[in-house]
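According to TrEMBL, the feature domain 'Ig-like' maps to 29-116. Annotation source TrEMBL lists domain 'Nidogen G2 beta-barrel' at 118-342. Taken from TrEMBL, the feature domain 'EGF-like' covers 369-400. Look at TrEMBL and you will find 373-383 tagged as disulfide bond.
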């Protein structure tokens, strides 16, 4: 409060003289409003607040890892010193610095910005044959949104141009969407979904086996995001699926299930699950196995095993539109290490290097699987062993 205009006046019998001066008190910058660390979904808008005081009033600038930020289509330096970033992308995840400067010096504060998620949409094409029926090109379109009442993401998808002879059978093929719900699943804790881990660029080989002997194979190619932020996906399918005589008109119910994702090497994952669907009261189990490859430079999952949970699944076929509709809720979290996929080996040194084991006892748990099919009494006909389980299979033309 001592700053201001002062006047000195001198007088005597001869006259008066005066001088005026202005007193200015300068001070270095001080941050008065610090930006807070922020976690947002891709596509949202971030506003990082930063205010400072000093004399002369400090100028505020922003940088990212030491590189100055300038106004652009998505980045705006607001008049009050805040930084706004619109249409957030995964690449915007970084440390940001707010710098306040005046004649007496400068002050800097850093803030982390983390962009999570998931593409909000997915689109692609599906070609191939199912049950020896060629279906030309089918088209996949999906939307993704956060669930309002649970910690999941809701994926709604429609596959169009599906022949009526195949539509009812495709209602149980929810894993044709596996790249979509793996890429966009809600991340719980430090778990990574497919987008965070691979930037949505990967190849996925899938095989499904029904308890009655049918086998279907799929190849998914994820090509990243287009300019609108939609996941681009190409799918090739070939093989057979179980068709019950009454399934065309029956209500198909898909039970909730989990998929375990295991890091088997740099840029390599194995995923598997066992599922159940019911049509007209007939329950049929079937298993899925996935092999995923991606750019090894993207790094590894934060955990050796991650578990994806798929719930509240609905499916129906619209014959007039020749379209199959799916709805599914998905989340991904740290998984429990119960075993390794068959024909996959990990040396003790490799696991110790990754920090996943601390003693040889755990290694035994990771590498040992009991083959129930070694006993002749397990199944009446064919027995197929799987990780931690087994299936009994009937001869062709019969079902359990």
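Cβ atoms are placed via backbone N, Cα and C, with glycine included.
Less than 8 angstroms from the CB of residue 383 (disulfide bond) sit 372, 373, 390, 391, 392, 393, each of them six or more residues away in the same chain. All chains included, 16 other C-beta atoms sit within 10 angstroms of the C-beta of residue 373 (disulfide bond). Here the domain 'Ig-like' (29-116) has, by DSSP, the following mix of helix, strand and coil residues: 3 helix, 52 strand, 33 coil.
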